[in-house]
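Scroll down for the structure; my scribbles are underneath it.
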Amino acid sequence: MLFPSSKNPFNRGVAQRGSSVPWTDGIVPYEFAPGYTPTQVEFIIAAMHQLERLIAINNVQCIMFRPRISSDPYYIRVTNGNGCSSYIGQNTGVTMNRTVTLNYPGCFVQAIIMHELLHTLGFFHEQSRPDRDEYIRVNYENVILGMERNFEKYDNSIADTLNTPYDYGSVMHYPNNGFSSNGLPTIEPLQPNVTIGQRANLSAIDIQEVRILYNCSATGITLPLRTTTTAPMVHLINITLSSALTVNNPTYDRRDNGNSSCYYDTFNLSVSLAGTYYIGSNSAMDTYGSLYNGIFIPNRPDLNFIASDDDSGDDSRQFQLQLFLEPHVQYTLVATTFSNMVTGPYAVIVSGPQRATLILTSIVGTTPVAPITTGSYSTNPATVIYMINTTVSSALTVNNPIYDRRGDGNSSCYYDTFDLSVSMAGIYYIGSNSAMDTYGSLYNGSFIPNRPDLNLIVNNDDSNGGTQFGFAVSLQAHATYTLVATTFSDMATGPYAVIVSGAQRVTLIRTTIVGTTPVAPITTGGYQTNPATVIYMINTTAFSALTVDNPIYDRRGDGNSSCYYDTFDLSVSIAGTYRIGSNSAMDTYGSLYNGSFIPNRPDLNLIVNNDDSNEGTQFGFAVSLQPHARYTLVATTFADFETGRYTVVVSGLQRVTLIRTTIIGTTPVAPITTGGYQTNPASN
Ligand SMILES: [Zn+2]
């Protein structure tokens, strides 16, 4: 980052005599143009305060943003216009227009706002430095025609590096593919193994340069201390979720340098009210948090990235993100550590105007916690008097699924599954009541029938009096557990009840998929399966429509096709062959992916593509699916820019899970790119 010299003109005109780039006394008065909601204004002001806090030395403030008063000769006007941009400095003599444009939602990432405010404070982009050609190469042949101006280099008469080194890690540096016309890099670092274009936070050198320009001091009180820096927090509602990183957690290359290995957890995060949310941690570990739009792809942590943070929390080793979250959007929070291979307990706290939904979704490789041996389950009134019971009645029948409970290759026990979650952490007693000899198992997250050893927390046969299972277990709030109720012996059937006792009523929902009885196929008009096999098929149908608000991708991969598409999460609970097809007046086109679909790399993860195998112009294919794997179905059209209604039908041995996951309309972050997170072009 570097700032323009005040004694020479910025390249748009001639500086006025006596003009100055730095704001007088470090004070930037502001006003907001109409066009923002109160929560959006709050978010921008909170980013201003965060910038003040980063520049402050020993809490002595050095720059300040405050509402303008009538006697202010200069002030910025924050406007919800197109793109993210700011003029440079208080007064370069060029214009009296000091509009700072922060488009909602495109610019509503804290580091992007701070990037623009650094322009306001007087700084150019890092790659405009006079010495930049010693550090980067600009590939003008890849720059969008007309955008070359964004790669201008300023000489020493205009720009001052403040004697700081070139900073690849500056928040003011463009990414590799900024303004790229063809996806190829527009900027290439000349040094190996450096990352450019980060929009997570100010770098140490960014902070140092502001302090130099504004003569910040660690001792002198240059500005009155702000006494209400934590004021926004008092109106917030917190949700806290405890977890722990263990050697059973997955790892990923967090620093994306090819050799970092950090254990991590993933959380689904969503909110029902738009607004500013604070996402932080509390731990003895040095934590590191990242937020993603939609899914997190461990081997491509740059995709879907919104923001990350290492140490902005109150305790200096804790992450804290401040973000504007949209309602009903699925975000993924990745909680990890600054260093490799660190394990330990921690908590995530999300604060905002309303309670957020935060669900731990990490898939751990083996048992995440040691099995709990509790001796005996007791229904003694003395121990349950403070307990609140939740009871669910069920029955095992010949229509229930079976699994190899003893893991000896030949046991066959009918079972039920239940989703179990609690809203208050604590010890819960879980047991059964039945004439059968029952057997209970609790799993962290999912139960995988052909791998009953995975995710297991506790097993029990007879601890609850006679032949009934029972155990005590410490449950976390808002985590999803799976209770498996089965029998000690093979092929036993009969009614039973599950009772969960604890400090509060729990959520206990039977999720067993029953019914091996063949069901007549649903006639959908277009989709026909083989008559010889359909009588054993169960259909799952999803209705949707492609509209101009759908995302597009280059379906033919020829660089210029543009097809609207939908994505669906698809998973099955029984392995087997499934037929997947469409019914529509459009000429549809279907693709199935293993795991994630990456729109700008549709060749990755691809299992099968089909255009017209299913009667006329409808896609259709048969594919062998594994249970509890996650597949992505992409439904699109043969031709570009086609819109219309359609139906997806999946036929197989059992009902499948088919959930539309398309993100429609404007999204708060830039489109997925392969070169990192990219901000809006306009800047100065
Ligand atoms: Zn900029």
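Using N, Cα and C of the backbone, Cβ positions are placed for all residues, glycine too.
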- Item | TrEMBL annotation, Zn(2+) site containing His115, His119 - matching residue among His49, His125 | His125
- Message: Just to verify a number: CA distance, His125 (Zn(2+) binding site) to Glu116 (active site), in angstrom, no decimals.
- Response: 10
- Message: On average, what pLDDT score does this prediction assign to the domain 'Peptidase M12A' (12-217)?
- Response: 86
- Message: So if I draw a 10 Å sphere around the Cβ of His125 (Zn(2+) binding site), how many other Cβ atoms end up inside it?
- Response: 23
- Query: What kind of secondary structure is His119 (Zn(2+) binding site) part of, going by DSSP in three states?
  - Reply: helix
- Where's the emptiest Cβ shell within 10 Å among the recorded positions His115, Glu116, His119? His119
- Message: Helix, strand or coil by DSSP: which one applies to His125 (Zn(2+) binding site)?
- Response: coil
